[in-house]
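Q: The structure follows.
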Amino acid sequence: MKTNAFAFVPGNQSLSRKQFVVLARKITGLEEAMNIRRERELKVVTKVKKRPPLRRGRVSPRLPVPDHIPRPPYVGSDILPEIASEHQIHDSEGIAKMRAACELAARVLNFAGTLVRPSVTTNEIDKAVHQMIIDSGAYPSPLGYGGFPKSVCTSVNECMCHGIPDSRQLQNGDIINIDVTVYLDGYHGDTSKTFYCGDVSDELKNLVKVTEECLEKGIAVCKDGALFRKIGKRISEHAEKYGYGVVERFVGHGVGTVFHSEPIIIHHRNDKAGCMVEGQTFTIEPILSMGSIDSITWPDNWTTLTADGSPAAQFEHTILITRTGAEILTKC
């Protein structure tokens, strides 16, 4: 809502503009955030060299998975699973399995990043990631999840998330988020990172840098007994310092034997109730935009872009809540 900066002095209808009285009023945190968003969206993004909008390339058939590799229960159905209501809290055996799945996801993601260069297609990245996952005896969790046709998500430039790998070649100056999840020994490990392709502008590098810092700051508030809403508050505070918007539509989630469960992790300011519990695992995965935080989704029902074509970046880790903090499981 808009705040009035000026008001007439009562009893006089012919006052000149110079006689307006400036009303000082404290602006709440919510109003301040709304003002920052409005100012950002009023500014046309001219600092970043205008690129042709993303166009869908050719999507190749799904890749096969050997029969001996266990599948998650949703494979075989194109119906998007509901978010499970149970929080995923693990005993020592479960924590060990989560560490193994997450460590593999981290290694796969690092490998995927080495493939990013101009002229490489996102389909080629998907194929290489798929092979590494099945060679490790794991299943690529996105494959067949709600009908998703590929083994990894590749989101380029203005694509916020859930990009489907296809025949489009990466261009010099692109940024690309690669989102890897593996299902190993009954547990999912989930992580993502935004990579540079060739020579990237300083403006895009700053967006990527600040997005990663937002993830780090969100993780830093996590520990047994901490409020979930502190994550969104800390992320929003840091993003706003640089004029970036935090996308509200997409959230983090519980992860473990189930791909997506409670708690839902909101990355912007919120009043979500609830506290973290030792032994619990979930993801934090903020998306920052240089412009609008609103989105549009392609007819494939997955690929989601910023509404105004502004670049976006994302980082994600799976974390384990401990008594004194949080262990990042998706590191290697």
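Cβ from N, Cα, C; glycine included.
From TrEMBL, for reference:
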- H162, H260: substrate binding site (BINDING)
- D179, D190, E316: divalent metal cation 1 binding site (BINDING)
- D190, H253, E285, E316: divalent metal cation 2 binding site (BINDING)
- 97-322: domain 'Peptidase M24' (DOMAIN)
Q: Which of these binding-site residues is closest to E285 (divalent metal cation 2 binding site) if you go by CA atoms: H162, D179, D190, E316?
A: E316
Q: Between the Cα atoms of H260 (substrate binding site) and H253 (divalent metal cation 2 binding site), find the distance and write it as a whole number of Å.
A: 6
Q: Just the number: how many Å between the Cα atoms of D190 (divalent metal cation 1 binding site) and H253 (divalent metal cation 2 binding site)?
A: 10
Q: For divalent metal cation 1, what surrounds D179, D190, E316 with a Cβ no more than 8 Å from their Cβ centroid?
A: A105, C153, V180, T181, T191, S192, T283, E285, T318, T330
Q: Centre the Cβ atoms of D190, H253, E285, E316, go out 8 Å, and tell me which other residues of that chain have a Cβ in range of the divalent metal cation 2 site.
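A: Going along the sequence, the neighbours appear as D179, T191, S192, G252, V255, F282, T283, I284, H317, T318.
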Q: What count of other C-beta atoms do you get within 10 angstroms of the C-beta of H253 (divalent metal cation 2 binding site), across all chains shown?
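A: For H253 (divalent metal cation 2 binding site), the 10 Å Cβ neighbour count is 22.
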Q: Using Cα coordinates, what distance in whole Å links D179 (divalent metal cation 1 binding site) and H253 (divalent metal cation 2 binding site)?
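A: On Cα coordinates alone, these residues lie 14 Å apart.
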Q: Counting all other Cβ atoms within 10 Å across every protein chain shown, which of the binding-site residues H162, H260 scores highest?
A: H260
Q: Here are some binding-site residues: D179, D190, E285, E316. Which one has the most Cβ atoms within 10 Å of its Cβ?
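A: Result for the most crowded candidate: D190.
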Q: Can you grab the distance from H253 (divalent metal cation 2 binding site) over to H162 (substrate binding site)? Cα atoms, rounded to a whole Å.
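A: Answer for this pair: 15 Å between alpha carbons.
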Q: Measure from the CA atom of E316 (divalent metal cation 1 binding site) to the CA atom of H162 (substrate binding site) and give the result in Å, rounded to a whole number.
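A: The separation of the Cα atoms works out to 13 Å.
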